[in-house]
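Chemist: Below is one structure. I have some questions about it.
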Amino acid sequence: MPAQGWLADTYGRRLHDLRISVTDRCNFRCIYCMPKDVFDKDYRFLQHSELLSFEEIERMVRLFIEHGVEKIRLTGGEPLLRKDIERLVEMLARLNTRDGKPLDLTLTTNGALLARKAQALKDAGLTRVTVSLDAIDDATFRRMNDVDFAVAEVLHGIEVAQRVGLAPLKINMVVKKGDNDDQIVPLARHFRNSGIILRFIEYMDVGVTNHWEMASVVPSAEVIRRLSAAFALEPLSANYAGETAERWRYADGAGEIGVISSVTQAFCHDCTRARLSTEGKLYLCLFATQGFDLRALLRGGASDLEVSNAIRTVWQARTDRYSELRASGTAPPTGRRIEMSYIGG
């Protein structure tokens, strides 16, 4: 149960993390997220006026902090495509938690623009960064991002980010059977002794455009089996309650890896994350079918108290645990799930 005064949902799960999508656009067309046959030249992305402004985002974050949020992650789409993203980072970096501590302010990126923006992001107050990287082999990486983008450019961005101090830097690899699962060991080998934490994520049924099927999932247990065949691994305890990754370290001290088993070992029971979409809708689950329109309140003249009360009401009524129900075979039929590119991963 959360500490006294923290906002909790129907299962006692505290509101602690807020993921904010700052754009629905991306310069990649990854096959599991924004497949090119759907997100083509005719796809209607949001207009700038539909996006939350930086001032609106800052106001929202202040209100979420009042309810106990301590960690903010900026996502997309690709967040580095949002013009002047450094200014938003600077605005949010000035804020403190309810306990007077600096916010844990992070960002997830595909790394394509990271080399040119890393220093400015660090100077603006970004704490650290997570990079999505689904292969170390260039041909495989180009096929996964489907825009013929070279892996060397992302690796350069990672090096620059690490050099300017956006650390500990994490890398997320979504593992899809038959597409990039042959990259598990090579990616691990590349980042051993680098100080970078590599995490392997089970391919998820987020949205409906990626044509997900269970047969394409490589279970985390299989990922660990393959890694253990190449390197001696030792389990690590969680850093904090509700951590999504199961942590492991190399026995020779070469670093840390993790697996995120969102399909085979769902962690809904201690999920503390809310998501704010690009146009200001509050989603309580990555697999949600609908959100609560907070932008309408902001632009309709609602007071901070009215918006804060809306956040409280929505979170306290939260019952979401889709992944646990999916795993047990009892997930009810749902409507059209929101796409990952709209609310971030």
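The backbone N, Cα and C atoms fix where each Cβ goes, glycine too.
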Chemist: Have a look through K41, K170, K176 and flag the one Swiss-Prot assigns to the GTP site that R19, R73, T108, R273, A274, R275 belong to.
Modeler: K170
Chemist: With Y32, G77, S132 listed by Swiss-Prot as S-adenosyl-L-methionine-binding, which of these, M204, M214, is given for the same site?
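Modeler: Record check against Swiss-Prot: S-adenosyl-L-methionine site with Y32, G77, S132, extra candidate from M204, M214 is M204.
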Chemist: Could you measure between C33 ([4Fe-4S] cluster 1 binding site) and M204 (S-adenosyl-L-methionine binding site) for me? Cα positions, answer in whole angstrom.
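Modeler: Here the two Cα atoms are 10 Å apart.
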Chemist: Any idea what the Cα distance is from S132 (S-adenosyl-L-methionine binding site) over to T108 (GTP binding site), rounded to a whole Å?
Modeler: 7
Chemist: What count of other C-beta atoms do you get within 10 angstroms of the C-beta of C271 ([4Fe-4S] cluster 2 binding site), across all chains shown?
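Modeler: The answer is 24.
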Chemist: On a C-alpha basis, identify the one among C26, M204, C268, C271 that is nearest to R19 (GTP binding site); the candidates are the binding-site residues.
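Modeler: Sorting the binding-site residues by distance from R19 (GTP binding site), the top entry is C271.
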Chemist: If one looks at the chain holding A274 (GTP binding site), which residues at least 6 apart in sequence have a CB under 8 angstroms from its CB?
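Modeler: Looking at Cβ-Cβ distances below 8 Å from A274 (GTP binding site), excluding near sequence neighbours, one finds L15, D17, L18, R19, F64, V69, L282, Y283, L284, W315.
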Chemist: Looking at the binding-site residues C30, K170, which one has the fewest other Cβ atoms within 10 Å of its own Cβ?
Modeler: K170
